[in-house]
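**Q** After the structure tokens below, expect a handful of questions from me.
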Amino acid sequence: MDPKLGRMAASLLAVLLLLLERGMFSSPSPPPALLEKVFQYIDLHQDEFVQTLKEWVAIESDSVQPVPRFRQELFRMMAVAADTLQRLGARVASVDMGPQQLPDGQSLPIPPVILAELGSDPTKGTVCFYGHLDVQPADRGDGWLTDPYVLTEVDGKLYGRGATDNKGPVLAWINAVSAFRALEQDLPVNIKFIIEGMEEAGSVALEELVEKEKDRFFSGVDYIVISDNLWISQRKPAITYGTRGNSYFMVEVKCRDQDFHSGTFGGILHEPMADLVALLGSLVDSSGHILVPGIYDEVVPLTEEEINTYKAIHLDLEEYRNSSRVEKFLFDTKEEILMHLWRYPSLSIHGIEGAFDEPGTKTVIPGRVIGKFSIRLVPHMNVSAVEKQVTRHLEDVFSKRNSSNKMVVSMTLGLHPWIANIDDTQYLAAKRAIRTVFGTEPDMIRDGSTIPIAKMFQEIVHKSVVLIPLGAVDDGEHSQNEKINRWNYIEGTKLFAAFFLEMAQLH
């Protein structure tokens, strides 16, 4: 049998079986004939969808390295996306975001944010999709097995920078829209897009734009969808209802600006590095428990219902450990690992600026060093309170050393955690769409990382926000050999199409 016909038959069978099963659900079913046509279209055109992803991955839209060449690529990427949406019939505005001021005093233009609209039927609900088209730095010499900017398919895996974070999911949503358009079918819901090009650099100036547009562009929005994270397994889909926040700290210890010769001064100084190592060592113990007094005060007590949520999640610990390439985790059970990723704060030490870190030997005593660490915050933790607790703790530890050096603590980043109500109607619609496409219940997960835009939308726009990831846990976003599986990309396109139909049932 032709492989395409086989995929079509499998999709049709899954749809028919699941539509028969749907009598147990409270919401009406989407039109089965339309769903079948859309799925067939997506299967038949999947090679075209992969080709478009290849074209988008080829644009080196790196927002992290503030150099003119990459900034030009970012502008090109946003122009390509705007043109794609216009060809679908969307009303598109590319909003000028002004300049980005760099630490060295220079400035670079910020790529425009795309605000696009498809449909304005007052009888339909309006769903707004957020995505970003900038990527982390990538270089073949960093350990990539393929050119990071040439999408390469190996055993069903599509390797390339941005394939899963976030160009693939953005295109999956666009592909779902294009399927309805190609079949000359009305979109089940009104759709809006907000697409940026600076997420990897901290979404520069985006919050100001969202605030400015809350009573215009966002005024008719009923629901917001983000697809910018991963499943917790390789094969089972998930819905994300919470993320951790992030407080990033720097602690500077200084004797003088110049380094010292260890033969001349070793043994007669309060060495800044020794002070700093003691400070960093006071933050967290060998079991991962944070030693800062008061840090756990706002962490909500664990409930039986929450424990049952963790038990229901599919997580193969051996698979997870192998895909992570670590010998052992701090905890031995699925439930403990999930809780310490999602519902408890964590503290990570990232590096020391000013220390000798090159090959060879260099017998200097650094005159000034800066330690860098961050705390991932969980819901109900307060960023300002954490800043005070950390500063107070480090000052207390430093005072006991009786050092003549100077210590300065600063929090350079303070991003809030986010959590949503999983009984919200949008979440129930997403669950039904996942059942239709994948034939299984989704894992209801949180994300241990930080996605500031979710909290931003929740606080400014005051609408339901859901994260619907498409990529597998081993996609390697931000790392070498980032990929998205062809299966995830294509089935994710179907998921968004089914989601449109489910959301239509809410109005």
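The backbone N, Cα and C atoms fix where each Cβ goes, glycine too.
I grabbed these lines from Swiss-Prot:
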SIGNAL    1-26  signal peptide
BINDING   HIS132, ASP165, ASP228  Zn(2+) 2 binding site
ACT_SITE  ASP134  active site
BINDING   ASP165, GLU200, HIS478  Zn(2+) 1 binding site
ACT_SITE  GLU199  active site, proton acceptor
MOD_RES   SER219  phosphoserine
CARBOHYD  ASN322  N-linked glycosylation site
CARBOHYD  ASN382  N-linked glycosylation site
**Q** Could you say whether, by DSSP, HIS132 (Zn(2+) 2 binding site) belongs to a helix, a strand or a coil region?
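**A** It is in a strand.
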**Q** Neighbourhood of the Zn(2+) 1 site (ASP165, GLU200, HIS478): other residues with Cβ within 8 Å of the Cβ centroid, in order?
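**A** Going along the sequence, the neighbours come out as VAL135, GLN136, GLY162, ASN166, GLU199, GLU477, GLU482.
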**Q** Checking your reading of the structure: which of the recorded positions ASP165, GLU199, GLU200, ASN382 lie inside a 10 Å Cα sphere centred on the residue listed as 'active site'?
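**A** Close recorded positions: ASP165, GLU199, GLU200.
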**Q** So if I draw a 10 Å sphere around the Cβ of HIS132 (Zn(2+) 2 binding site), how many other Cβ atoms end up inside it?
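**A** I get 26 for this one.
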**Q** Near ASP165 (Zn(2+) 2 binding site), how many other Cβ atoms are within 10 Å of its Cβ?
**A** 25
**Q** For GLU200, ASP228, listed as binding-site residues, tell me which one has the smallest number of other Cβ atoms within 10 Å.
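**A** Taking GLU200, ASP228 as the binding-site residues, the minimal 10 Å Cβ count falls on GLU200.
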**Q** Excluding HIS132, ASP165, ASP228, which residues of the same chain place their Cβ within 8 Å of the centroid of the Cβ atoms of the recorded Zn(2+) 2 site?
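**A** Not counting the recorded site residues, we get GLY131, ASN166, PRO169, VAL170, GLU199, GLU200, SER227, GLU477.
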**Q** For ASP134 (active site), just count the other CB atoms lying within 10 A of its CB, please.
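**A** Excluding its own Cβ, the number within 10 Å is 25.
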**Q** Out of SER219, ASN322, ASN382, which has the highest number of nearby Cβ atoms, where nearby means within 10 Å of its Cβ, if these are the recorded positions?
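**A** Its Cβ has the most other Cβ atoms within 10 Å: ASN382.
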**Q** Do you know offhand how many angstrom separate ASN382 (N-linked glycosylation site) and GLU199 (active site, proton acceptor) by C-alpha?
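**A** Here the two Cα atoms are 23 Å apart.
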**Q** I'd like the number of other C-beta atoms within 10 A of the C-beta of HIS478 (Zn(2+) 1 binding site), please.
**A** 16
**Q** For GLU200 (Zn(2+) 1 binding site), which of the listed recorded positions (HIS132, SER219, ASP228, ASN322) have their CA atom within 10 A of its CA?
**A** HIS132
**Q** Roughly how many Å separate the Cα of ASP165 (Zn(2+) 2 binding site) from that of SER219 (phosphoserine), to the nearest whole number?
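**A** A Cα-Cα distance of 28 Å.
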**Q** Tell me, in order along the sequence, which recorded positions from HIS132, SER219, HIS478 have their CA within 10 Å of GLU199 (active site, proton acceptor).
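**A** The recorded positions close to GLU199 (active site, proton acceptor) (Cα within 10 Å), listed in sequence order, are HIS132.
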**Q** Taking only the Cα atoms, work out how far ASP228 (Zn(2+) 2 binding site) lies from SER219 (phosphoserine), in Å, as a whole number.
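**A** Each residue's Cα considered, ASP228 (Zn(2+) 2 binding site) and SER219 (phosphoserine) end up 24 Å apart.
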